[in-house]
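Okay, so here's the structure we're looking at.
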Amino acid sequence: MKAEPLGSSKAIGLLLTAFSFCVVLSNPSKGAEADLFDWSARELALIQSLSLSQLLPPPSSPSNKYADDPEAAALGRAIFHDSRFSANGEVSCATCHRQDYGFTDDLPKGLGIGLASRRTMPIVGMAYQKWFFWDGRADSLWSQTLGPLENPVEHGIDRHQVQQLVLAHYSQPYQQVFEDDATNQPVDQVFANTGKALAAHVRTLLPEKTRFDLYAHALQSDSKETGILTEAETRGLRLFVGKAKCINCHNGPMFTNGEFHHSGTPDDGEPDPGRGTAFLELEATEFGFFGKWSDADPEADGDHIRFLDRDTRKYVGTFKTPTLRGASDRPPYMHNGTFTSLAQVLNNYRAVSGSTLADEVSHGDLTDRDLNDLEAFLGTLSSNSNDVHN
Ligand code: HEC
Ligand code: HEC
């Protein structure tokens with residue numbers, strides 16, 4: 001008899017616990033400040049999906065058999081920094097892709113021998129990408145690296161000069177990696193191999209841990225961690241994975257799906273067709289994934305090309321989703337460098353929502369505070385953001 005009342009009060013206690021648990025679950029992010037640090041199971045899973053701890057080792061690069069050869073990477077690294085590979089002896093890859101600036105530069109348009117038509121892209125985490133350039137006109141990393149060498153406004157040289165420069169300055173390491181003297185090989189083969197060495201180096205550029213990653217890690221043991229992100233940053237993160245839907249495109253540990261979208265960036269002159277014209281260039285090159293100099297097995301590799309959606313009209317005016325890691329440290333933004341601050345990027349997302357320019361973004365419901373909070377959150381994705389500002 002004595003056990004009964006005890007039992008029923010226990011049952012009531014359990015019921016109450018279950019009830020309050022349900023209240024928390026059904027009201028995960030209604031905005032009450034008291035709930036700020038309470039994450040739902042879904043939010044927790046999305047946060048983990050963005051964490052660097054989820055970044056797998058880089059996938060293989062079947063079209064470049066030297067991709068993971070350390071000697072090829074060392075050769076590529078030397079050429080990456082060598083300004084003799086340019087028409088005026090002053091431009092190297094590192095001129096535009098500056099290590100001290102997140103491997104991009106602070107200009108609206110890349111500046112080499114002349115002015116490029118788009119902004120220099122940050123090149124961290126390239127090993128995880130399938131398409132390269134803002135319009136994805138290169139289908140493999142080594143094929144991409146050959147573009148700037150022969151581009152008259154970037155390095156401004158040609159493949160014959162590349163062969164001469166390799167022979168003059170890198171004859172021995174070249175022979176070591178490619179098991180043949182660059183004099184014995186056709187100029188196109190030396191050119192392709194130079195690209196493969198450059199790609200082997202670029203593949204080694206990987207993101208650094210940020211305050212966001214520390215937070216994601218801490219959440220695994222304490223789902224209410226409060227010491228690493230400020231309140232504004234926490235609200236921004238909740239918006240990013242929820243109401244603001246940023247995660248639809250900026251997803252995975254690199255904060256990009258690697259795909260092409262209309263995001264409503266205003267033109268700063270002639271409209272840029274973006275992905276719309278890239279398919280033609282893809283077909284035209286013999287340095288592509290299925291080209292003459294590729295190491296890929298045409299039967300087994302290259303699904304990204306085989307199953308490519310080539311609907312040109314659909315892709316006019318779309319650009320590759322950039323990574324957001326480190327973004328707060330390296331303005332300007334977008335393919336044409338048209339915005340000088342993150343606040344401008346975010347304001348534009350809200351302003352263009354629903355317009356035909358930006359049929360894929362719907363951020364019209366974001367308040368001013370939401371935009372500030374999102375900007376605060378983006379700041380946690382920079383590796384030098386390790387001070388806690390609470
Ligand atoms: C004059 C400045 C400049 C130089 C020099 C330069 N780049 Fe770039 N890089 C850019 C610009 C601008 C883009 C975007 C171009 C576009 O989309 O049309 C880009 C894009 C890239 C990308 C694509 C990134 C992505 O996410 O798709 C990679 C990789 C890259 N460059 C590597 C290199 C390498 C390797 C070199 C040296 C061989 C080099 N770049 C030289 C300005 C430069
Ligand atoms: C439909 C896909 C999509 C969605 C949703 C989206 N983005 Fe983007 N984002 C892009 C694309 C594509 C670009 C590049 C556009 C360009 O170059 O013109 C971009 C660029 C950016 C940039 C500039 C980065 C740089 O290096 O230039 C920032 C910052 C950014 N987005 C943040 C956000 C935030 C925050 C949200 C949520 C409010 C969001 N994005 C939602 C696709 C998207």
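Placement of Cβ uses the backbone N, Cα and C atoms for every residue, glycine included.
Here is what TrEMBL records for this protein:
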type    : residues               : note
BINDING : Cys93, Cys96, His97    : heme c 1 binding site
DOMAIN  : 231-382                : domain 'Cytochrome c'
BINDING : Cys246, Cys249, His250 : heme c 2 binding site
Worksheet item: Using C-alpha atoms, which one of the binding-site residues Cys93, Cys96, His97 comes nearest to His250 (heme c 2 binding site)?
Response: His97
Item to complete: Please work out which residue of Cys93, Cys96, Cys246, Cys249 has the most C-beta neighbours within 10 angstroms of its C-beta, and give that one of the binding-site residues.
Response: Cys93
Worksheet item: Looking only at Cβ atoms, how many others are within 10 Å of the one on His250 (heme c 2 binding site)?
Response: 21
Item to complete: Using CB under 6 Å from any atom of ligand 2, narrow the binding-site residues Cys93, Cys96, His97, Cys249 to the ones that qualify.
Response: Cys249
Discussion item. List, in residue order, those binding-site residues out of Cys246, Cys249, His250 with a Cβ under 6 Å from any atom belonging to ligand 1.
Written reply: none
Practice prompt. Let me know how many other Cβ atoms fall within 10 Å of the Cβ of His97 (heme c 1 binding site).
Written response: 22
Discussion item. Other than Cys246, Cys249, His250 themselves, what residues in this chain have Cβ atoms within 8 Å of the centroid of the heme c 2 site's Cβ atoms?
Written reply: Phe240, Lys245, Ile247, Asn248, Asn251, Phe255, Thr256, Asn257, Thr321, Leu324
Worksheet, complete the sentence: The rounded CA-CA distance in Å from Cys96 (heme c 1 binding site) to Cys249 (heme c 2 binding site) is 26
Practice prompt. Looking only at C-alpha atoms, tell me how far Cys249 (heme c 2 binding site) is from His97 (heme c 1 binding site), rounded to the nearest Å.
Written response: 24
Worksheet item: For the domain 'Cytochrome c' (231-382), what's the model's average pLDDT?
Response: 93
Discussion item. Rounded to a whole angstrom, what is the C-alpha distance between Cys93 (heme c 1 binding site) and Cys246 (heme c 2 binding site)?
Written reply: 31
Worksheet entry | DSSP three-state assignment (helix, strand or coil) for His250 (heme c 2 binding site) | coil
Worksheet item: Taking the centroid of the Cβ atoms of Cys93, Cys96, His97 (heme c 1 site), which other same-chain residues have Cβ within 8 Å of it?
Response: Phe80, Ser92, Ala94, Thr95, Arg98, Phe103, Asp105, Gly110, Thr120, Ile123, Pro148
